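Q: This structure is in structure tokens; I'll ask about it shortly.
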Amino acid sequence: MVIILLGVSIVVPGLFLATETPQTNTFEQTELERATLTGEVSTEVTQVTNQEQVNITVLNRRDGTIDSTGELQVGESANLTISGETITVEIIDVIDTDNVLVRYTYPLYVGWPSGAETIITNIADIIIMATAVMIIGAIYTGYKVSIK
């Protein structure tokens with residue numbers, strides 16, 4: 001029974017993680033306001049020029065990785081690399097002199113402790129192994145019950 005519960009405790013969270021990546025977040029951000037995307041990764045609108053061009057910086061506080069978009073206009077996007085992972089930044093709208101509507105698309109595990117990406121990228125293998133553990137546990141439990 002314990003083996004079956006162990007298998008279920010791995011499969012269910014694994015299914016949730018597999019359906020959650022990549023993440024998309026759209027929100028309004030004020031110039032020089034820092035917002036957390038996920039884990040230790042934060043983003044900041046560093047400059048809004050003439051209500052047209054926007055510069056955004058993304059930082060991983062854990063390892064100090066930093067990348068910047070350069071100047072983007074409304075409708076443009078840029079791919080930034082943080083800790084080896086790609087974060088897509090798209091400017092949706094410049095609302096006024098210092099407010100910007102931005103869409104971020106990123107892997108769920110960016111900024112998580114090391115090893116998280118291994119779990120999420122190999123989730124299919126983990127689910128197969130956990131299912132095998134559950135089946136073996138069910139067979140073993142059925143065998144033990146039938147002996148009594």
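Just so it is clear, glycine is given a Cβ too, placed from its N, Cα and C backbone atoms.
In case it helps, Swiss-Prot gives these features for our protein:
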type: SIGNAL; residues: 1-18; note: signal peptide
type: TOPO_DOM; residues: 19-118; note: topological domain 'Extracellular'
type: TOPO_DOM; residues: 140-148; note: topological domain 'Cytoplasmic'
type: TRANSMEM; residues: 119-139; note: transmembrane segment
Q: Across the topological domain 'Cytoplasmic' (140-148), what does the pLDDT come to on average, as a whole number?
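A: Averaged over the topological domain 'Cytoplasmic' (140-148), the predicted model reaches a pLDDT of 72.
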Q: Just to be sure I understand, if DSSP states are collapsed into helix, strand and coil, how many residues of the topological domain 'Extracellular' (19-118) fall in each?
A: 5 helix, 59 strand, 36 coil
